[in-house]
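Chemist: Quick one: the structure is below, questions incoming.
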Amino acid sequence: MTQTPAPFPERPAADRPDYLQRLNPEQRAAIETTDGPLLVLAGAGTGKTRVLTTRFAHILLSGRARPYQILAVTFTNKAAREMRERIGALLGEPVEGLWLGTFHALCARMLRRHAEYVGLGSGFTILDTDDQLRLLKQVIEPLRIDTKRWPPQGILGVIQRWKDRGLTPERVTPAEDCDFAGGQCRPIYATYQARLVQLNACDFGDLMLHVTEILRTRPDVLAQYHRLFRYILVDEYQDTNTIQYLWLRLLAQREGQPANICCVGDDDQSIYSWRGAEVENILRFERDFPGAAVVRLERNYRSTAQILGAASGLIAHNDGRLGKTLRPGREDASGEKVRVASVWDSDDEARLVGEEVERLRAGGHSLAEIAILVRAGFQTRAFEERLITLGLPYRVVGGLRFYERSEIRDAMAYMRVLNQPADDLAFERIINVPRRGIGAAAMQKFHVAAREGQMPLAAAVMDLIARGALKGRAREQMTALMACLARGREALPREGHVVVVETLLEESGYIDMWKADTSPEAPGRLDNLKELVRALADFESLGGFLEHVALVMENEENAGAERLSIMTLHGAKGLEFDTVFLPGWEEGVFPSQRTLDEGGLKGLEEERRLAYVGITRARHRAVISHAASRRIYGNWQSAIPSRFIEELPAEHVTTTGGAAQARSRTFGHAPLSSTAFPVMARRPRVTDVGEKGPTAAMAVGTRVFHQKFGYGTISSVEGNRLEVAFEKAGPKRVLDTFVEKIP
DNA sequence: TTATTTCAATTTTTT
DNA sequence: ATTGAAATAA
């Protein structure tokens, strides 16, 4: 393993251009080591984005490459946008013609140029998840697969994972074919791909897969990109999957020239293995690119020493790390310790967080600098309810996004059919929305006609109308719909896409459908449709708009409002806040039981990295909490504190709350002054009922009472953790503090 | 063809 | 408890 380079000699400041000022030696090394492979291990809060953007600017300003000769890859559109803005700021002007974007956006751009090599036209459509599923269902329908046992989503998952690994249908070996769908996944995959080509469409995975396949099989195309890209920059390298790795390696390894690839990442923040990311990619970097330099960014400028100490101590429990230790960047006061609060249940937890937030706000803290980071979506509800009663403005980040709403997808489908009459999947989506009396039977008829006539669905419908094979209301409605679309297409060059789409949505009856809808969401949906038409005006053409939406499923709204954020730990990666609440640190919730079951030790380590990501989001304050009981799927479950709590180094942690006081690690310093934690308020007054838990001998066979589960008998004891056979609730694991001995 | 009922699943998510 | 999708009745 390569060592962090020795400190670099300080050159006189005057020698260095402006943009290289005020960087630490490691950051400067990461920027000035321009040629040859370079791995930058950037711990949380160590100035990663700054290094990436400055490196980009440095390559340009030192004359090593023109803007279009640098390939800069990110995972999210947000990261790409931020990078573009910051490069523009460094250079003093916006730069044009950059190859800067997400893996998928860059691949889409490449694939439009070379689509014919994989049997597509350059005007191919990019399908969303709905379309993918609909198409797959069509493919598996004749196979009479038991969709109970093998849900289409699962099959799609298998295909997606193959694509993540760079496996085209031909490359999937029989051994690779899992027993999913009765071992029929391989032929299903092949048919699915063939159908996509017929539709002149591809899914997200295909963007990477097709381009990589082209680069693999067309040396001329590959050479063209080798000549073009002199430098490659990759963000969040620990999140790359196999296909992304293959794509990068193909582009980076040039005959007789150094691989000028710089990957920035942090193995400790790899939290996406479940969607195909391979941490091995970053662990293997030095073997993949011989002679690679490695720079470690370990000076953290974000968090207090206490927070860093807690996070470092926790992550140290993982094996197989590349090894980094975050050091406080500034020697300021060490700050507050990380707090661990024990509460009774999720309502208590929400109350505690709410009170703390109110206190912070009273102390002049901005709500925008506070976040509640949960493991899973179901945890948000208790907080939302509490924040509403307190009148605290909040936002749940990562709910349904604009372009995922059904009315927007419907409207988009109308546009797609307008844009490409052969877009069967879009046509199928709108054909009976609003209701036009087309059910399964009619649909079947259309499909048969389309297959027999070797034509798109829409054309088949026209044909059936012309031949009089359609009767009654269906005929009327279909004639009207087709006329609508035809009028729109004809008017497009004259009236412009905005007006035409607006008219189409009106005349097709789609708008009226929502106007007639009396449900409370309907007005909001109409507003969304207005907003969609407005967004349409920002684009030159319909095609341009559709491409944008397919790749950038984002809405840029309500930023900067004075609200606190509730989001998942995954959603919080890359963000930072003054104060971070980390609720639900209980075995089964965090670490998640499912991850443990499915991923074993690997899964546990990923959960631990998630915990590490959570803590390192905090600049000044981190409050971890765990509840003693939690209602999951309608019934109460007892909960034991997460093992991650015990793994936090004691010297960086303070503990509050009743249950915690029973823990051996707490040396009796009960924070009685803390009015912020009126925890355990709803615990029974134990002295009235029986002896208090921790002081009483808890032996196997002891009869106990539990607030939520009722009466039961202890069946095993493990320190302060009991297993109790409850009379009504069955066997549960509980902490001794939450039961009372029955005399 | 649509409305109703039952039934199961229920982490994390970008593009 | 809640929700969404598939089976079944009107």
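Each position is counted from 1, following the chain as shown.
Using the three backbone atoms N, Cα and C, a Cβ is placed for every residue, glycine included.
Below are the features I grabbed from TrEMBL:
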BINDING   A:ALA42, A:GLY43, A:ALA44, A:GLY45, A:THR46, A:GLY47, A:LYS48, A:THR49  ATP binding site
DOMAIN    A:21-304  domain 'UvrD-like helicase ATP-binding'
DOMAIN    A:305-574  domain 'UvrD-like helicase C-terminal'
Chemist: Look at each of the binding-site residues, A:THR46, A:THR49, and point out the one with the fewest other Cβ atoms around it within 10 Å.
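Modeler: Across A:THR46, A:THR49, these binding-site residues, the one with fewest Cβ atoms within 10 Å is A:THR49.
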Chemist: If you run the three-state DSSP split on A:ALA42 (ATP binding site), which class comes out?
Modeler: strand
Chemist: Minimum Cβ neighbour count within 10 Å among the binding-site residues A:ALA42, A:ALA44: which residue?
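Modeler: Ranked by other Cβ atoms within 10 Å, the binding-site residues A:ALA42, A:ALA44 bottom out at A:ALA44.
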Chemist: What is the average pLDDT across the domain 'UvrD-like helicase C-terminal' (A:305-574)?
Modeler: 88
Chemist: Validating a neighbour-count step here. Other CB atoms within 10 A of the CB of A:LYS48 (ATP binding site): how many?
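Modeler: So the Cβ neighbour count for A:LYS48 (ATP binding site) comes to 22.
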